[in-house]
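Straight from TrEMBL, the features:
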- 1-10: compositional bias 'Basic residues' (COMPBIAS)
- 1-34: region 'Disordered' (REGION)
- 41-66: transmembrane segment (TRANSMEM)
- 179-197: transmembrane segment (TRANSMEM)
- 217-235: transmembrane segment (TRANSMEM)
- 242-260: transmembrane segment (TRANSMEM)
- 266-284: transmembrane segment (TRANSMEM)
- 296-324: transmembrane segment (TRANSMEM)
- 344-362: transmembrane segment (TRANSMEM)
- 416-437: transmembrane segment (TRANSMEM)
- 471-489: transmembrane segment (TRANSMEM)
- 501-524: transmembrane segment (TRANSMEM)
- 530-549: transmembrane segment (TRANSMEM)
Amino acid sequence: MTTIRQRRVGKGTEAAEDQPAEETNVKPDGKIPPDAPGGKLWNILSITVGGIVAISLGFLTSVYVATLHENDLWFSNIKEVEREISFRTECGLYYSYYKQMIQAASIQQGLHGLVYDNKTESVRTINILERMNVYQEVFLSILYRILPIQQYLEPVYFYIYTLFGLQAVYVIALYVTSWLLSGTWLSGLLAACWYITNRVDTTRVEFTIPLRENWALPFFAVQIAAITYLLRTHLQPAQERLTLMAVFIATFLFSLTWQFNQFMMLIQALALFILDCLDMLPTAKVTWLYIIQISGLLLVCFLQFFNSMILGSLLISFNVSVLIARTIQKNLKKGGFLNRLGKLILHVLLVLCLTLLINKFIKKILNLESDEHIFKFLKAKFGFGATRDFDANLYLCEEAFGLLPLNTFSRLSSTLLFYIYGFVLFLLTVAAVIVAFRNLSTVFFSSISGSSQVHLKEKMEEYTVTLKPDAAYSLVHTVLFGCLALSTMRMKYLWTSHMCVFASFGLCSTEVWKLILKCLHLYTSQRTQVIKYSIPIITLLYISFKFWPGIMDELSELREFYDPDTVELMNWIKSNTPNTAVFAGSMQLLAGVKLCTGRTLTNHPHYEDKNLRERTKQIYQIYAKRSPSDVHGILRSFGTDYVILEDSICYERRHSRGCRLRDLLDVANGHIMDGLGENEPDLKPSLYPRFCEEIKKNLPSYTMHFTRVFQNKTFHVYKLAKHK
């Protein structure tokens, strides 16, 4: 297993908002309007300073994570094979295609090798560009080949520096989103600082560099920033068109770089749908966003050789259903409260039914089963019946797909982020409920006459100010992605980064503090401005004094990559097996085998293919209770020449009973699990001992099929006999 050991070392300014011009030179709250003398200069100065701060923070963040990566592994000093092993599991698989493109005789030959790949899955030729989201590796490899940098920069550094550079884009996008929401770049500064100080919960780029989400999330943040700007009022037509273009480009890049893009954008589409139904967003802009999502996904589908999983996505079915339902129900936003509520319920049911029908129809036509494991996992996770499905249980037993641990909130609270986030979330949720009720209650107001109606409208108008369309979208976005993060820990990075934006926006928002002070009968314009700037500054000072020493200690801590057993295995494979040899083993290890040795694999960690999932379950019989002849026959059916057994899997202790890989295989095969504990009544004892344990005894029934050719403390490699 890969480990890290200690290295042995020798010796307040505001941005202009799109507000209507005032006739006087001073607004009622004491601000200088943009068109007043000095107003434009002040706004230009504010935007310039805020922009410089944003770029500086982005650059510092990328340097910070790059330094952590170097200090953790001593990346500049270790061997090439050790660098490649450090790209664990699926990260190594993705990076292998970058390496393959770099080493190809020409760009054309490299692309041909990806389109007609016969080394990733033995006895099969697959199209890597269709199956996986690796266009970023293709683009980077081409860029590296055509730029005159080969003499100065190794390919691996060009790759990782690009990913660390995207972290700068990520932080700048979060900064800009918070700035747009609050109107002051101080909010962006606070969001960026929270992102950095909560790094453990906001990113994992420094130790999972090639992971798809590290490519995609910066573009998702850019898309959210563009949507936030699009939802502002009083945009000029040219501004709106440019913003829509920015949204489309960011959506396209996000979709191109991550296979789970459709599920993230489905949540985003649900947020838009909820707000549109409650009349809290302009319908025309929401329609454009639906169309952008569909067109971006279809363009990616085209580039991925008409990937059927994209065509059968719930996102396309949902967005099309919304557009159809809106055409059918043209008077959705007219009428009294009960009338509108009834129409709204009917609209939701219509969209839901249309979505299911369209999606079922598409999947039936395309015979699509690539994503069925995700729905099996969700069904089992949320208690809609127990399952013995191997793939679903494989996900259920992984900590990353479990509930968000409670210690996450204690870490987020230590920087005050979670406390402030909770406060702002509560306040804006109350405001959203009031605004939604008001939007649905047009007749309710007409039934009230005289001063009561005027007073009620004025009271509710106070809440309208605190929930502009961009703030409303940010609220529903953070609630929905928060639910996703709470249910699935791996998705917390989508929530925690936006949590930084949302909390900083609330702390620096004039409207939020104005509402609070009015409720406390303490409102004055001057007091609002003082609180708006003083509390964020105090928070920044607290964060700096508390966490700066820890960050400096972290940057000074030097470690070293140390995994001698895996290095020995990879070197042995390269030196003692033919280039055409086919290897079987665990998905995680085989990704490293492909990257480090270039040998052919039987299976790999990119799990979004039904045939591959079935193949992996068959390969994993090496850890089940099966006869040696059965295992040999299975492995040879996939062209296997060598099989790698790992003690860490065969004698696994990381998971509890019932979640160990061998337990999942036993249950799927109908066998009783090892160890003390209950078993389901219909499970029966196996006729054979566990293969990975018994093969080490060198019994004749095993040696006639398998010959051990390599072993160390972690791995055992067996060569398969080629019987006729």
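Here, residue 1 is simply the first one shown, and the rest follow in order.
The backbone N, Cα and C atoms fix where each Cβ goes, glycine too.
Annotations in TrEMBL come from automatic prediction, not curation.
For the transmembrane segment (179-197), the partner stretch with the highest count of Cβ pairs under 8 angstroms, out of 41-66, 217-235, 242-260, 266-284, 296-324, is 41-66. Proximity of the transmembrane segment (344-362) to the transmembrane segment (296-324) is established through 3 or more Cβ-Cβ distances under 8 Å for residue pairs spaced 6 or more apart. When Cβ distances are compared across the two stretches, the transmembrane segment (266-284) makes no contact with the transmembrane segment (501-524), since fewer than 3 pairs at least 6 residues apart fall below 8 angstroms.
Looking at 41-66, 217-235, 242-260, 416-437, 530-549, the range that has the most CB pairs within less than 8 A of the transmembrane segment (501-524) turns out to be 416-437.
With pairs at least 6 apart in sequence, the transmembrane segment (416-437) and the transmembrane segment (471-489) have 3 or more Cβ pairs within the 8 Å limit; the two touch. Beyond the ends of the transmembrane segment (242-260), by six or more residues, the same chain brings 132-133, 135-136, 212-213, 215-216, 219-220, 222-223, 226-227, 229-230, 235, 288-289, 292-293, 295-297, 299-300, 303, 309, 606, 608 to within a C-beta distance below 8 angstroms of the stretch.
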